[in-house]
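A single structure is presented below for examination.
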């Protein structure tokens, strides 16, 4: 009577579509539940899905092979694409400042891990696919495992008589060590180095104040006779400064204008200017002095409003091309993109989803809405054409064979690096045509978590089959010992070099360690343990490049030594 329920909920030898989906949902659901349990401020989060998948696989639950492969690859694609879209703008801009230093440290740890793996291959006699799995688990790098498995499949298709071990076994054995290794290193470093998180926070803020140039506004009064009678365009050109004049009020008048570039200055005019502090100071000296006039801000018909770029006609257009300054008496003063605030320079190109701050009259602001769009509802709705268009390009790029002399098969970026690189460039340059960079934060987090859950569940269920037998047969404790060398040696050197030679703030260093091992569980722990979101920033700065290098290291080890 209940055979149908038995077939759905209990292990079967040849599962169909429904049974496969039920096993997948069971692995994800129980994994999420156990991942929320906190012990000593630590929780596994979505990483627990990997272990519930292992348990289900160990107890005989199986998935249809084609379905499992599809879910594994699709989950990985979603995860890396969401990461690329999220961190793209900060990834490229970070290379102009401390990001270069952070990435050198992080990539060095990747190369050192690859070197240790190669040495272990030479002295232990283990197959390279097992060691690549051990390496990927020891540094908690999921895309590297995915790339290694894809490369092995490619070699199998070229050389069908060859047989290979499953790197997911080594990955599953050493993955817990990788997660705990970073956490233990962060705790031990903080204790041994006597780190005070509050003091580190103060030092970080002081360094940011000295290095960053925030966009601010200032009121000035015209008292220099040399500028009287000149147009605003002439004065801005002569100053050579990147500023925006958003409002103007003549002396003795209550009327406030949103001035055009051909308007001429009069003695004792009051201006509202926007720019970075240094430019404002020098422009103020050239024109006059700071003003305390209050009416220019409050007593006028001039309003300030934020608009979202949602109209196709405004996308990928420079502010100078839209020419709202002269056509409609509208002053674009600032543009907000991916959490960054930028001065509205004429050469600045607008992307879909940008938030634009505009100054003008009520009537002229209506014109701005006609030009820019400002449809918040449209931003909340997922644009699947853009999303899947970007994923398609990423898959195509990841499938391009790259011939390298002496390698048995061409190297490919694969399903991990292809979509990641595509997303980075789309996010940085705003996309092309109907493929744009804007995805709201809720959708990005959903994509990341869904993707990694699907991947973890598929990998865990597959690796769970024969996991215990493999652990015993391959002496899993010895594999964990090998993994500990790959985990701890780069981490310890990273702390020593980063802290004592590069003088990196410890809050940032903890983010670099988590990012170097692409470990969201360690990142979550460090932000909670250190009571700061600063690790998030350095994590995002190194994550993309580290992911790409870990993918290439895993692929090269397989191609050269398998």
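Using the three backbone atoms N, Cα and C, a Cβ is placed for every residue, glycine included.
Per TrEMBL, the feature transmembrane segment maps to 16-35, 42-61, 73-92, 104-123, 168-193, 384-404, 410-431, 443-464, 476-497, 509-530, 542-561. TrEMBL lists 201-289, 290-374 with the feature domain 'RCK C-terminal'.
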Among 42-61, 104-123, 410-431, 443-464, 542-561, which stretch has the highest count of C-beta pairs below 8 Å with the transmembrane segment (73-92)?
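Between the candidates 42-61, 104-123, 410-431, 443-464, 542-561, the best contact partner of the transmembrane segment (73-92) is 410-431.
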Please check if the transmembrane segment (104-123) comes into contact with the transmembrane segment (509-530), where contact means 3 or more CB pairs closer than 8 Å and the residues in each pair are separated by 6 or more positions.
yes
In the domain 'RCK C-terminal' (201-289), how many residues does DSSP call helix, how many strand, and how many coil?
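Its residues fall into 33 helix, 27 strand, 29 coil.
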Which bits of the chain, at least 6 residues beyond where the transmembrane segment (509-530) starts or stops, bring a Cβ under 8 A of a Cβ in it?
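41-47, 102, 105-106, 109-110, 139-143, 178-179, 182-183, 185-187, 190, 197, 200, 452, 490-491, 494-495, 498-499, 536-543, 546-547, 550.
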Please list the DSSP helix, strand and coil residue counts for the domain 'RCK C-terminal' (290-374).
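Per-class counts: 26 helix, 28 strand, 31 coil.
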In the same chain, which residue numbers or ranges, 6 or more beyond the ends of the transmembrane segment (384-404), come under 8 angstroms Cβ to Cβ?
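Here the qualifying positions are 77-78, 81, 85, 410-423, 426, 431, 434-436, 439.
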Cβ under 8 Å, sequence separation of at least 6 from the ends of the transmembrane segment (443-464): give me the contacting residues as numbers and ranges.
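Long-range Cβ neighbours of the transmembrane segment (443-464): 23-24, 27-28, 31-32, 46-47, 49-59, 61-63, 68-69, 71-72, 74-83, 85-86, 142, 145-146, 166, 168-169, 171-172, 382, 520.
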